[in-house]
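Reviewing the structure listed below.
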Amino acid sequence: MDSWSEKSASKNIGLRGFEIIDKAKQRLEDSCRGVVSCADILVFAARDATQILLNANYGYIEFNVESGRLDSKVSFKDQVDSSLPAPEDNLEQLKNLFLSKKDITVQDLVVLSGAHTFGQSHCSSIKDRIYPSISDTLNERYGYYLRTRCPQYVPFDGVVDLDARTPYKLDSVYYQNVKNLTALFFSDWSMLTGADTLPFVNE
Ligand code: HEM
Ligand SMILES: *[C@@H]1O[C@H](CO)[C@@H](O)[C@H](O)[C@H]1NC(C)=O
């Protein structure tokens with residue numbers, strides 16, 4: 001991995017599963033060279049993973065995604081740091097990033113954040129919420145639970161589930177977590193603070 005590439009950006013610390021994309025890309029290159037971009041493979045993989053998870057809980061739901069996005073020939077980590085949100089961002093910062101730069105609506109912001117119903121985070125992304133004290137924006141019991149998962153003085157960066165109640169389900173429990181102050185990131189909590197975002201959290 002090159003030291004200036006997107007993969008090496010600090011905000012991409014949690015990215016994993018590259019081997020899946022690489023494998024699909026290899027097989028496509030073997031049969032039709034230079035036709036399907038990694039960007040498209042990523043979108044298809046996200047669609048398939050989502051459908052598999054939905055099938056397990058809600059029966060068969062089919063949806064389409066768009067294709068035709070090309071890969072860049074270079075990538076720069078500086079662009080990642082300036083265009084991805086941070087877990088400690090407040091609502092104003094999230095809106096600035098999504099609404100102005102990416103043409104995404106307030107509703108999209110709340111809906112997309114629902115992806116935090118699944119997956120894991122490194123402890124380093126949330127330690128400021130539990131040390132030295134448990135944040136007011138966090139359910140106290142949940143805060144103490146997080147301390148057991150993320151001890152303060154350890155030489156490794158552990159991981160914790162984003163959705164403590166149903167970590168492997170694609171469901172709406174994430175939004176219940178947000179309301180219960182048991183969502184993992186400050187950015188998740190911050191959607192309670194907007195008169196324009198709160199109705200979508202409730203919905
Ligand atoms: C609203 C602003 C967002 C912020 C601040 C944010 C922040 C984060 C952070 C800090 C992590 C954990 C990284 C780590 O420590 O390893 C994470 C994980 C994750 N995020 Fe977000 N995120 C946001 C929006 C999104 C969106 C829009 C999606 C997808 C539609 C998404 C999907 C995920 C998933 C699936 C994981 C878990 C990854 C894994 O298990 O490896 N997030 N997010
Ligand atoms: C709210 O958070 C507390 C503390 O973690 C937990 O015991 C409780 O089950 C949660 N309730 C809901 C409805 O999520």
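From the backbone N, Cα and C atoms, a Cβ is placed for every residue, glycine too.
Taken verbatim from TrEMBL:
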type: BINDING; residues: E6; note: Ca(2+) 1 binding site
type: BINDING; residues: P85; note: substrate binding site
type: BINDING; residues: H116; note: heme b binding site
type: BINDING; residues: T117, D163, T166, D171; note: Ca(2+) 2 binding site
type: DISULFID; residues: C123-C150; note: disulfide bond
type: DOMAIN; residues: 1-203; note: domain 'Plant heme peroxidase family profile'
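Annotated features taken from TrEMBL, shown on the structure.
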{"residue": "E6", "record": "Ca(2+) 1 binding site", "DSSP class": "helix"}
{"residue": "P85", "record": "substrate binding site", "DSSP class": "coil"}
{"residue": "H116", "record": "heme b binding site", "DSSP class": "helix"}
{"residue": "C123", "record": "disulfide bond", "DSSP class": "helix"}
{"residue": "C150", "record": "disulfide bond", "DSSP class": "coil"}
{"residue": "D163", "record": "Ca(2+) 2 binding site", "DSSP class": "coil"}
{"residue": "D171", "record": "Ca(2+) 2 binding site", "DSSP class": "coil"}
Worksheet item: Looking only at C123, C150, which of these disulfide-bonded residues has the biggest number of Cβ atoms within 10 Å around its Cβ?
Response: C150
Item to complete: Around the recorded Ca(2+) 2 site, report the further residues of that chain (criterion: Cβ within 8 Å of the mean position of the Cβ atoms of T117, D163, T166, D171; site residues excluded), sequence-ordered.
Response: F118, R165, P167, Y168, K169, L170, S172, V173, Y174, N177
Fill in: Distance, C123 (disulfide bond) to T117 (Ca(2+) 2 binding site) (CA atoms, angstrom)
17
Worksheet entry | the residue listed as 'Ca(2+) 1 binding site' CB neighbourhood, other CB atoms within 10 A | 20
Discussion item. I'd like to confirm something. Which of the recorded positions, H116, C123, C150, has a Cα closest to the Cα of D171 (Ca(2+) 2 binding site)?
Written reply: H116
Worksheet item: Cα within 10 Å of D163 (Ca(2+) 2 binding site): which of the recorded positions E6, H116, C123 qualify?
Response: H116
Practice prompt. Quick one: of the binding-site residues E6, P85, T117, D163, T166, D171, flag those whose CB is under 6 Å from ligand 1, and say none if nothing qualifies.
Written response: P85
Item to complete: Select the closest residue to T166 (Ca(2+) 2 binding site) from the following recorded positions, measuring between CA atoms: E6, H116, C150.
Response: H116
